[in-house]
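> One structure coming up, written as structure tokens, with questions to follow.
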Amino acid sequence: MIKLHDKYFVPYVTATELDEVVSELARNLKRDMEGEVPVFLSVLNGSFMFTSDFVKKYDGDCEVSFIKLASYCGTESTGTVKELVGVNQSLKGRSVVVLEDIIDSGNTLEVIYDLLKKEKVKDLKIVTLFFKPVAFTKKLKIDYIGKEIPNRFIVGYGLDYDELGRNLPEVYQLKRKKMINLVLFGKPGAGKGTQANFLKEKYSLKHISTGDVFRFNIKNETELGKLAKTYIDNGELVPDEVTINMLKAEVEKNLDAAGFIFDGFPRTTAQAKALDELMQYEGMQVDATIALEADDEVLIQRLLERGKVSGRSDDQDEEKIRNRFTEYNEKTAPLTEYYKKQNKFHSINGVGTIEDITERLSKVIDSLVAVNTMKDK
Ligand code: AP5
Ligand code: MG
């Protein structure tokens, strides 16, 4: 771990991996540049190190030129891009290859496109070492991407945090506060939503209920809502691909949260694997899966009771409710083993007063928080 100004950063991309990524970018570009002498246009300051390594690995004639743009202040992109040093040679009729260290919002790239439009270049290609797909808001072409990364602040290998860190030969990521990520597990009506509402306040966690997100979309008649409606109405699971993509988007919108409560996700092995991958990509993990246990007959009574007032289509008749149980038994129950193998499975009695159950859940969560605090020290 390193400290720059007031912040801590942890190792993220090694010098060896950077070397491989840059070599491959140079090779791929060369292959597409037959018979051309490109002008590499390096975007300062960030890309000085990338440019230096890239051109050494580019096996062919080339020219190198620089422009200087600035859009960052601290760890936040300011949104406005200032041109500090412009293009200082004629690029008319030339094959220009822009070398960027990182593309996130795309604001700088937009300015570059505008700048080069005026230059009447013959051909323009964009090469970036890093790309943040989640942060990218523009419809602009990027021809070569070295490595896609999550929307987190990085330093090193030319990239800075308030001017420090550019000289580091490897890339570091801003250290994240220790998060607690929980999966609330249990049959329909087990009390996942009810308990999540208390736990999110108590532990300042972001509650993501895939069922709630689907219902929100159905209410607003979005494409996603239309797609999900028939499945939900019949008490069947919505297909994995749709659900996984939706969950990813919800997580990525809330990366500054202190942690997540996943309610109603994952519900299949494919979803559990996707969640593990997503957590790993974002530098987090599922800390625990807590199951709320209750008998079917108790649950059916709860849901039919709720159905009288909630208007939820899947709470209206016993047959649909039983179908939700069947889906659970066939597709979701196997996840118990999945999480047991990871030593993350906890089970508590879901029958009793709501306060008692919150208390039982809190005991499990408090023990996790204690372990995490010890690890952090
Ligand atoms: P979802 O919204 O997740 O519904 P569910 O899993 O069927 O569970 P519920 O929300 O009905 O129950 P809950 O455990 O949250 O209990 P609650 O706190 O509300 O999913 C709906 C549908 O969306 C699915 O069928 C599927 O089609 C789709 N979907 C969602 N996620 C998906 C995914 N990952 N993949 C694919 N498809 C997906 O409590 C229930 C009732 O009991 C309430 O009235 C409450 O007041 C009461 N209650 C709670 N606790 C107690 C208690 N201790 N004592 C007495 N009453 C209680
Ligand atoms: Mg619920």
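Backbone N, Cα and C define each Cβ position, glycine as well.
No curator has checked TrEMBL annotations; they are predicted automatically.
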> In TrEMBL, which of the ranges 209-238, 299-328, 329-358 has the region 'NMP' annotation?
209-238
> Given the binding-site residues THR210, GLU236, VAL238, PHE265, ARG312, which one's Cα is the least distant from that of GLY189 (ATP binding site)?
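That would be ARG312, the closest of THR210, GLU236, VAL238, PHE265, ARG312 to GLY189 (ATP binding site).
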> Distance check, please: Cα of GLU236 (AMP binding site) against Cα of GLY352 (ATP binding site), rounded to an integer number of angstrom.
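For GLU236 (AMP binding site) versus GLY352 (ATP binding site), the Cα atoms are 28 Å apart.
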> If you check the binding-site residues GLY191, LYS192, GLY193, THR194 one by one, which have a CB less than 6 Å away from any atom of ligand 2?
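With ligand 2 as the reference and 6 Å as the Cβ limit, the list reads LYS192, GLY193.
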> Cβ under 6 Å from ligand 1: which of the binding-site residues GLY189, THR194, ARG312 qualify?
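Listed by sequence, the hits are GLY189, THR194.
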> Mean pLDDT across the domain 'Phosphoribosyltransferase' (17-161), rounded to an integer, is what?
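A mean pLDDT of 92 is what the predicted model shows over the domain 'Phosphoribosyltransferase' (17-161).
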